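The following features are taken from TrEMBL:
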| type | residues | note |
| --- | --- | --- |
| ACT_SITE | 353 | active site, proton donor |
| ACT_SITE | 384 | active site |
| ACT_SITE | 512 | active site |
Ligand code: F6P
């Protein structure tokens, strides 16, 4: 069995991990006043500070050796050139081609995909300009006021996250709503305030077979036809983003209203394709292009920067170090910027759907933990919810702290207060508060010896919690593109280093298949389906009580 854990660098890192488990971050800082200079780097628009990670120079050089031993450069070049690195689905992985700002040809399976990508971008631009300028008219001759984007997973999270991130820049031309859940409550609450005559639906589904999206799309068509009462009118109110023209036509969507995707774009990496159409409708095509430009800059950085300065590679190596060597099996994403409030949910799919696997390229079980559990929320809200555990719990959760120098909207002293929390939290997580400090503090407050000994252990903070800080210039379209591309390449590098096929999602397919069987079984009154007793019992209970 060929395995990453047999590599010399892997074994050296295991020795280092045992050593570093006995080291405290505050001592690393106390012993080296240049730590920030050594372990931080910048790319345009982003300061990346990883000095508060539990590393030293020797760990970093071993991690770099690991990247070299795993042949990251060869794999990176294979990805950018369109080799079929999605080995379990025999597909290329070319989301980078969607944001390639150079005019160079890229031939995949005999086609120049640069030209098809550019043609599709042009189609998006024309459509967006038409809708936003009021030239696109609904079936009663009215302009579009509301866009409803229907999709799930990668066909929803990217556009919704970017829409939320950039809504400070939106004008009043259009409102965009997202429907992803098959729970009818969501679509009902969106549709109840909308007028079919001024509503445009974007049905986003690469496969156009995803049950949740198809159910929501059908409900939207029924709702629309209740007013329009004319199937021809669908062409003026429904567009689709998909690879499946047969299925889009079956829903009544005109072929010219279908924006294409390609099998070399994975769902969770598809925001750069026409899946990003709702973003472009909401903010205008120029903003969408700026997102692509930001991502392209990061692609160039990833391709050209030395390993020591290569931000996405460093992000991946640190994650591997924390998860597979130090044994921290969860990772928090904590944006100190309200605009990025959906980033944790977006990265949950990006990281966990990509690298949440347990076998290597050859299908052999790997002896190390792969992806950590990704979770989080805006830092300030998190501080008043789960940070207690981050500071004093007996699990250690490495965290990415993300903030911006310039807020999207400057309101009085808000931003300095926000940022003081950002700075304070990573310092507190690193330094902690030891017994001597607690004692001195309580003594200064006039507490008696008895009171001090009662409180002492409760007030000790161990510190030594690793964090990375990312300071963005501001959250604008370009920065959103940069940030997402950084994490995408992180995910890619992590997959290569851990020998994980990052681009399939068989675990999701399993649930999809079972749910569709059960959906059929719920239609009859039989309570004895071939399931385990728990599943049968739950289904029977539901069938007896459901509202018919
Ligand atoms: O969640 C699983 C998944 O396959 C994702 O990878 C994908 O983004 C999502 O479902 C939606 O799929 P589709 O775009 O085909 O509807």
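The chain as shown is numbered from 1 upward.
Backbone N, Cα and C atoms are what each Cβ position is placed from, and that goes for glycine too.
Any TrEMBL annotation is an automated prediction that lacks curation.
Around residue 384 (active site), taking its Cβ as the centre, 8 other Cβ atoms fall within 10 Å, counting all chains. In this structure, the CA atom of residue 512 (active site) is 14 Å away from the CA atom of residue 353 (active site, proton donor). For the active-site residues listed here (353, 512), the lowest count of other CB atoms within 10 A around the CB belongs to 512.
Cα to Cα, residue 353 (active site, proton donor) and residue 384 (active site) are separated by 29 Å.
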